[in-house]
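Have a look at the structure below before the remarks.
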């Protein structure tokens, strides 16, 4: 399924401040990609490239896929940067390492794709199901293509996975036969280049939440909605306090998650759909009823719009009017 994705790059991110500034410029209802400046050595010498994600499980905010790359003969710099699994590091340490990765732009490069909660939900709830696993796989593939397009001389790709690594690895090899590919569980704690990708993804997600702007106009900062994980009491409170009984949640929330669905059941208005079968349609009561369309007639007025513009609330959620099911 095609996902709405903004341009790959408009500025150079060299610090946490410039990361915040860049994210604030984006439309958080759509996906966007960023790729760092590519070190010359990454274009000249064979490179390793790692891929990992952040924010797969939370009910709030985007999911972010990240990749990092460096020359094989300079990968010792990853240990000097203290790259480790982002989940094993506190926020301050992750931010410090990310800042140092940005400063090591002569030998290390990185890229991220920020996948909006709006996009995730629209895909998962569409008529043609587009699972989170498929979203994840396509994002990883796009990052590989983005690095190759940016002239990174890729030799070996390392990918972290939560599913069966063999099937995923075989699929990637069929797409990229020119590269060595290793897909493994917990690759973020095994391969430093995947650890670097994990840190870039996690920091990008954390800061996307910190600078989140609510298109609904809510005056809420990130301390009021917590980590986004279903077990977080602050997140649970946010889901209750900011659930409109008619329109549901703001776009920060992944409304396709069971946590959100359960919150809607207890907070939002219930809707009952009356089923009308063919027998009912032919009953005397139905035949004698006046059709609502009989109260309207066609006009020949010029310059009359042929289609009513839908409110952005419905357009952004891929909702359309249906009279038959």
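Here the Cβ of each residue, glycine as well, is placed from N, Cα and C on the backbone.
Per TrEMBL, the features are:
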- 46-269: domain 'RNase H type-2' (DOMAIN)
- 52, 53, 160: divalent metal cation binding site (BINDING)
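When the neighbouring Cβ atoms lying within 10 Å are counted for each of the binding-site residues (52, 53, 160), the highest count belongs to 52. For the domain 'RNase H type-2' (46-269), the model gives a mean pLDDT of 93.
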